[in-house]
C-alpha cells in the first residue's frame, strides 16, 4: 500500500518493522526471490531456474524482485 516499504502483516519478519511498515535499519528488502537476510542477493545469482526452452533468471543486485530474462 502507499507509504509502506514492506508487508507489516508478520511481526516476526526480521527485516520489517511491523508497527511502521518500514524496513528496519540496515535492511534493503524484506521479501522477494532476490532478498536474503534483508539484503539484495548479488548480481548474477540464479533466482528462477529455466523450464523448457526458457533460460535461467538472475538477480540484478539492486532489487529484491527476480527480473525475467528478455529471451
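Cβ coordinates are placed from backbone N, Cα and C, and glycine is handled just like the others.
The domain 'Disintegrin' annotation in Swiss-Prot covers 1-71 and is backed by sequence analysis.
Among the features that Swiss-Prot reports, disulfide bond is placed at 6-21 (among others), with the record citing similarity to another entry. Within the same chain, residues at least 6 positions away in sequence whose Cβ sits under 8 Å from that of residue 21 (disulfide bond) are 1, 3, 4, 5, 6, 7, 8.
Counting every protein chain shown, the number of other Cβ atoms lying within 10 Å of the Cβ of residue 16 (disulfide bond) is 25. The disulfide bond annotation in Swiss-Prot covers 8-16 (among others) and rests on similarity to another entry.
Taking the Cβ of residue 15 (disulfide bond) as reference, residues of its chain lying under 8 Å away and at least six apart in sequence are, in sequence order, 6, 23, 24, 27, 29, 30, 31, 35, 38. The annotation disulfide bond is assigned in Swiss-Prot to 15-38 (among others).
Look at Swiss-Prot and you will find 29-35 (among others) tagged as disulfide bond, backed by similarity to another entry.
Taking all protein chains in view, 25 other C-beta atoms sit within 10 angstroms of the C-beta of residue 34 (disulfide bond). When secondary structure is read from DSSP and collapsed to three states, residue 34 (disulfide bond) falls in the coil class. Positions annotated as disulfide bond by Swiss-Prot: 34-59 (among others).
If you look up Swiss-Prot, you'll see 47-66 (among others) marked as disulfide bond. Counting only same-chain residues six or more apart in sequence, the Cβ atoms lying under 8 angstroms from the Cβ of residue 66 (disulfide bond) belong to 32, 33, 34, 47, 48, 57, 58, 59.
Note on residue 8 (disulfide bond): other Cβ atoms within 10 Å of its Cβ, all shown chains, come to 17. If you take every residue in the domain 'Disintegrin' (1-71) and average the pLDDT, you get 91.
Cβ neighbour count for residue 38 (disulfide bond): 19 (other Cβ atoms within 10 Å of its Cβ, all protein chains included). Cβ neighbour density within 10 Å is lowest for 47 among the disulfide-bonded residues 47, 59. Following the DSSP three-state reduction, the secondary structure of residue 16 (disulfide bond) is strand.
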